[in-house]
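The feature (6S)-5,6,7,8-tetrahydrofolate binding site is assigned by TrEMBL to L118, G122, H123, L124, S354, P355, F356. Residues annotated as domain 'Serine hydroxymethyltransferase-like' in TrEMBL: 5-385. Among the features that TrEMBL reports, N6-(pyridoxal phosphate)lysine is placed at K226. Residues or ranges marked as site 'Plays an important role in substrate specificity' in TrEMBL: H225.
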Amino acid sequence: MYDFIKKQDKELFRALEAEEKRQAEGIELIPSENIVSKAVREAMGSCLTNKYSEGYPHARYYGGNEIIDEVEDLARERAKKLFKVPHANVQPYSGSPANFAVYLATCEPGDTIMGQLLTAGGHLTHGWKANATSLFYKAVQYGVKPDGYLDLKEIARLAKKNKPKLIWVGATAYVREFPFKELAKIADSVGAYLAADIAHIAGLVIAGAHKSPVPYAHIVTTTTHKTLRGPRGGMIMVTRKGLAKDPELAAKVDRAIFPYLQGGPHNHTTAGIAVALHEASTPKFRAYGERVVKNAKALAAELMRRKIELVSNGTDNHMMLVKCGAGRGAILEIALDTIGLTTNKNTVPHEPSSPFYPSGIRIGTPSVTTRNMKEREMKLIGGWIAEVTKITKDEELPKEKSERKAYLASFKKRAHADKQLKKLRKQVLTLCKKFPIPDSFV
Ligand SMILES: Cc1ncc(COP(=O)(O)O)c(C=O)c1O
């Protein structure tokens, strides 16, 4: 692999080889990550990256696009068929621009919007104060109840009071099934657009392992690289309900992507999305989606059996949130990384610390399921997480903010030298060797 890079760029070649090794010899537990097939990688490395094609199929601003049109049509038609929607745009460069395009298609600058609070699991682009969306739109944020479920009564109250033009449903760290029907009722009662951001759960929706937002939302956005197991990219879909509310909505969404927000589409990514959507249309993908959820439930059960506290005491989807004590998320992330388990520190609902030094870690099963791991391996992984928690139980983030960076750097060094962690690292490596990264899923 990487033969040409090897010949002409030794530095980059070494980095690529090191990353290949890291991925093969570690267990990826970040819920927003996955492993793509070799077919998706071929598409991403194809000649389509050479082509400019501003516009949409059969209406381009550049010549020579007949074949690009075929590729984009293929991706669009596959998306429409799989999600059962009348319109799909596959050009967003990623999930964040897809979401920004939804604002452009449905709102005027200064309009009120509603979305889930970042510290309660929502995404930056749903109106978080440090995101551009809160600069251009008046963002009202909603949260979750102490039990981890969305606070529907509060959402209804806020909607009635603020009369938003757009309401988001969807999140980046939410472990329960999204109540699309209930959110639609709230949005309809105030005449708002309902946009479902299914970036995390798109693959589960296709597999039938999570209910679909399509009958309830006007617009659906997604990334293509999480549970959908495609290249890094985004899509926007308009539903029949959306077209009934505004027959121009599909045209507005297309205009919002090009020419409002983006220039030429990334055609190699479009081809990768077409490959991933084809893979997602097979019975094997249905089994994959179901297995992702089964594995998450098995891992959550093992963690709880080992007295690890989880937000909402479990999961309905592919992820869980471990509560690890005020400000201890980074400590656990570093310690787990030391043994080869990759996770990410994350806020927990009603976060007692801060988004920089949060009190939880986020764990998910899309990637380990792609590697064909099942309940037995989830028990092993749960056991390792519990062991690491025990080994690091006396570590505490300094109260003094200025001391925290240095403390974490020194903890990282100590973790790498720790004998107990070294022993666990060997066990993780043995498991990785038994479950090599697969090449193909069809
Ligand atoms: C719910 C949700 N929406 C949107 C995004 C943004 O996607 P991207 O990182 O591709 O811009 C993410 C990414 O984590 C997400 O979780």
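The backbone N, Cα and C atoms fix where each Cβ goes, glycine too.
It should be emphasised that the depicted structure is a prediction, and the values quoted were computed from it without experimental measurement.
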Winner by Cβ contact number (other Cβ atoms within 10 Å) across the binding-site residues L118, L124: L118
K226 (N6-(pyridoxal phosphate)lysine) and S354 ((6S)-5,6,7,8-tetrahydrofolate binding site), Cα-Cα, nearest whole angstrom: 26
Filtered recorded positions, from H123, H225, K226, whose Cβ is under 6 Å from an atom of ligand 1: H123
Around the Cβ of G122 ((6S)-5,6,7,8-tetrahydrofolate binding site), the count of other Cβ atoms that are within 10 Å: 25
Rounded Cα separation (Å) that holds between F356 ((6S)-5,6,7,8-tetrahydrofolate binding site) and K226 (N6-(pyridoxal phosphate)lysine): 23
Tertiary neighbours of H123 ((6S)-5,6,7,8-tetrahydrofolate binding site) (same chain, Cβ under 8 Å, six or more apart): G95, N99, G115, Q116, G170, A171, T172, D197, A199
Pairwise CA distance, the residue listed as 'N6-(pyridoxal phosphate)lysine' versus G122 ((6S)-5,6,7,8-tetrahydrofolate binding site), rounded so that it is a whole Å: 16
Coarse DSSP state, helix versus strand versus coil, of L118 ((6S)-5,6,7,8-tetrahydrofolate binding site): helix
Cβ-based isolation winner (fewest other Cβ atoms within 10 Å) among the recorded positions K226, F356: F356
Other C-beta atoms that fall within 10 angstroms of the C-beta of S354 ((6S)-5,6,7,8-tetrahydrofolate binding site): 13
